[in-house]
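**Q** Below you'll find the structure I mean.
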Amino acid sequence: MTNWVLTDSWTMTRRGLAHRARRPGQMFVGLAFPVMMVLIFAYFLGGGMRVAGGGDYKDFLIPGMLALTMAFGLESTMVALTQDLNRGVIDRFRAMPMAPSAVLVGRSVDDMLESAASLLAMVGVGLLMGWRWHNGFGEALYALGLLLLLRFAMLWIGIYLGMVAGKPELVQAVQILIWPIGFLSNVFTSAESMPGWLGAIAEWNPMSATATAVRELFGNPGWNGTTWAATHAQLLAVAWPVALLAVFGPLAVRRYRGLSH
Amino acid sequence: MTDTDHVIVVEGLRKTYGDKPALDGVDLTVARGTVHGLLGPNGAGKTTVVRILATLLRQDGGRAEVAGFDVRRDADAVRHRIGLLGQHAALDEELSGRQNLEMFGRLYHLGARGAAARAAELLDRFGLADTGRKAVRQYSGGMRRRLDLAASLVLAPEVLFLDEPTTGLDPRGRTEVWNAVRSLVGGGTTVLLTTQYLEEADQLADRISLLDAGRVAAEGTPDELKARIGGDRVDVVVRHADQLDAAAAVVTAAVGADATTDPDGRRTGAPVADRVAALTETLRALGAAGIEVEDIALRRPTLDEVFLRLTGAGATAKEDATV
């Protein structure tokens, strides 16, 4: 029997793209938020921020914001999935002779395309603000790759949580909880400035690993810490997402299959 | 093993949610080209049966075959031969009707051109050709239902599952769905229909299974089911409540069968064999006894009464369930 995974996944991806094409404004609204955060932190609060080891706060902030934007993408994946589950359209997909995995694969491809687009837009905003990478184009591309890898891991956490939550009301709880988790990292300030144990958590936050790694790759300040986590940021920036994927990918797939129980 | 005349064969189907049994040994056979109604109170297991047959849910025990294929072992073969119209619209609300149907066509592997052609055909057939780019969420309830039905027919299914297809529709929308179902059955499609509206089952179904607490409580044609709880009755409503017992005695004597009484409705009645003779005799005897009659009528049992009687859902409420 023909394997329809690719064809069906592409059909499902097109579905997501058609949604976005119908609401072009939404992408800009989605972008407005991280851009606003960058502006607030760079210009309102940035004056009072001191980068550990010296350097311009803007150069410290932009890579962190890129990591945060990728991580917060978890939310949009989760919302999209709960909406599908609650609208019954998933029932029709499941009663069709299509590849069952296409629903989730299509969702993830669509979200990744959107994330890549917003990542490039954020990079553009950073460049306009005077942020630069200093270690060459190849390293910069690798940094973008690490950011997308983080997004990919968050995406599967989002799919899993979306299926566990099931209801849009529970999505709100996640939307609130994601804030302290986002801030308990070195995205806006270095972990050393936090109380000891909190700083340790922040340092081991997957978002911090990616932020530190991309700062290093971009040649931006803020990566020259001395702890193990800080000196192995590039390793952690790969290991964390891969570990999260290894856990949440199978969980999400199992949960999806479990819809028939 | 496979019975070619029977498109749906269900034996001893069981399903438990947690420790709560939803289906407790359901048997069901549906002949090709017929409409089979699945009736029962809320929670009787109607939707569970449909979801198992449509491969959305796995049974815990028993066997279910659709179009000759086992729903568990050959789920994909079953999916090629069924259409499903569930209680809630199974559509992408953000897309237009055409985009929805083209997407489903592609997922049925009709190819881009095949899917587009089929979508155009279905939109035309269900009077949705002029909906343009409008998103489904802006559709009226009736339009949405028609599109949902069209989406169930992309592959011209052998078996169509309709799970409460007209819930929430106005009478016009309901008639539209009924007509669509009749024309499908005319074309050879087999339909399994669950409904809360007994009139709907009476109108559409060739045979009916009454489901109660996860079991089939009764099965037969609508007429057979009506006959099962007795034939015609004569019903009398007296003007003065204190004459009710006397009236019951007169009715019993006049028709030769024990009359039952309903004090709240000041009503008494009994099953009759010879309709007109029983009516005239009852009327004459009541007049002779000096009992003032407010209303007297002959009537057939409705499916509502069959439903209430056979499912035991309201043994006490059955007297109220008249016309």
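Note that Cβ sites are derived from N, Cα and C of the backbone, with glycine treated the same way.
Per TrEMBL, domain 'ABC transmembrane type-2' is recorded for A:25-256. Look at TrEMBL and you will find A:27-45, A:60-82, A:116-134, A:140-163, A:170-188, A:233-253 tagged as transmembrane segment.
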**Q** By Cβ distance under 8 Å, which residues at least 6 away from the ends of the transmembrane segment (A:233-253) in the same chain are close to it?
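**A** Residues 101, 104, 146, 149-150, 152-154, 156-157, 159-160, 163, 206, 208-210, 212-214, 216-217, 223.
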**Q** Cβ pairs under 8 Å only, please: of the recorded stretches A:27-45, A:60-82, A:116-134, which one is richest in them relative to the transmembrane segment (A:140-163)?
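**A** If we count Cβ pairs closer than 8 Å to the transmembrane segment (A:140-163), A:60-82 scores highest.
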**Q** Can you tell me which parts of the same chain pack against the transmembrane segment (A:116-134), counting only residues 6+ beyond its ends and a CB-CB cutoff under 8 A?
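**A** That would be 27, 30-31, 34-35, 38, 42, 58-59, 62, 65-66, 69-70, 140, 143-144, 147-148, 151, 217-220.
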